[in-house]
Amino acid sequence: AALFPRELMECSSPSGHSNPPPKAVSLDRTTLSIANESLADLSYLIVGNTPLNKSGEEDVEDVGDLFVARYRICFSTFARLSSCGKVDRTMETRFASSKYDAFRSAFVKAGLLMAVPVIVFSGLAAAKQQWLRLGLLAGFVAPLYLMYALLTVTRKKAYLSFSGTICERLLVALLSAQSVAIVFAEFQRRRPTFGMLSLHVAFVCNFAPLREGDICIITAGFAIPAYLIFSFKRFQEASNSDGTSDSQLCHGMAQGSTVLMDMVLPPVVLLYQLLVSTWRDKSMRLNFLGREQVRGNRKRHKAEQQKCEDLLASMLPAEIINSLKQGEPVDPQSFNDVTVIFVQICDFSEMCSSVSPESVISVLNIVYLELDRLSDLLHVYK
């Protein structure tokens, strides 16, 4: 930076040379292959080619103008300032895919743990001869929990590619069907509770690697409506209980009041779990965006550092550069036998007086690039 203007540093190629104007240098593929074999990077001489990264890594997507915005009242999404706050679909896809990797271990463990109480409740249903409830829990709900864990472990590659595919739609459908089956099984009991349904919704909201919209479909689209339908049916049965005595009347009112509380409290708890999952999703988006920004800054810093090192390598021998990096003094070296080439452009003064400065710079640039190419091919100092 102390030697060259900022504009020249910014337009420098990875090998430290300023890019020639279009059609200034004609480089055939044979010369390029010879140069590559001799570790000389001449890709910047190909007109129309973009310089390659030294590390072979892909360019990092620009995340500088990305931010987490509110989407459809309570959801969150990635948006760009440069596009007036429009949703960035590419970042959404990357975030959704990263959730499958982050939730993999928790999804397996939670699936196995959820199968245990379902199997226990199946045994209780068998002891009470509740055959329909036994069939739903032991034949549908518990096997699905075990299937989630088994497929996630044995089909890791397929599991990590679920995002945005028909397999993800199938997973949402199965979790939704589980919600309805759990509600139907619970109302086969004389005194139903919403404990198992609450556990299932907690499993979906906290351990399933799904998008916010899919979690909302399972919870607010299937679990809560199914519970309200069966609760309303039970409430109607309690309201229709006839009684003539005061004790029977009080018993009916108490039973109706209990059913009414069962209709109000569980949906509130389930909705609260859904709301907490949206808050968690927003925090995950902020952390993901922060990691991507740090990753991008590191790669850009690495690329700029490599550019500066290449520019320095075009002027000084490698031994001197290494000594300067380590803070060691650079001692003069003596060579007994050397060959020195002096190059002069004939009639350079007349050329400078007859052509434009831009043309002079273009000619000098071509000469220097060719001398650099030959120096790289022959492994000599320049």
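Cβ atoms are placed via backbone N, Cα and C, with glycine included.
Predicted, not measured: the structure shown is a model, and the values here were computed from it.
The domain 'Guanylate cyclase' annotation in TrEMBL covers 339-382. The transmembrane segment annotation in TrEMBL covers 106-125, 131-154, 166-185, 215-232.
When each of 131-154, 166-185, 215-232 is scored by its Cβ pairs under 8 Å to the transmembrane segment (106-125), the top-ranked stretch turns out to be 131-154. The average pLDDT computed for the domain 'Guanylate cyclase' (339-382) is 84. When DSSP labels each residue, the domain 'Guanylate cyclase' (339-382) comes out as 29 helix, 0 strand, 15 coil, counted as helix, strand and coil in that order.
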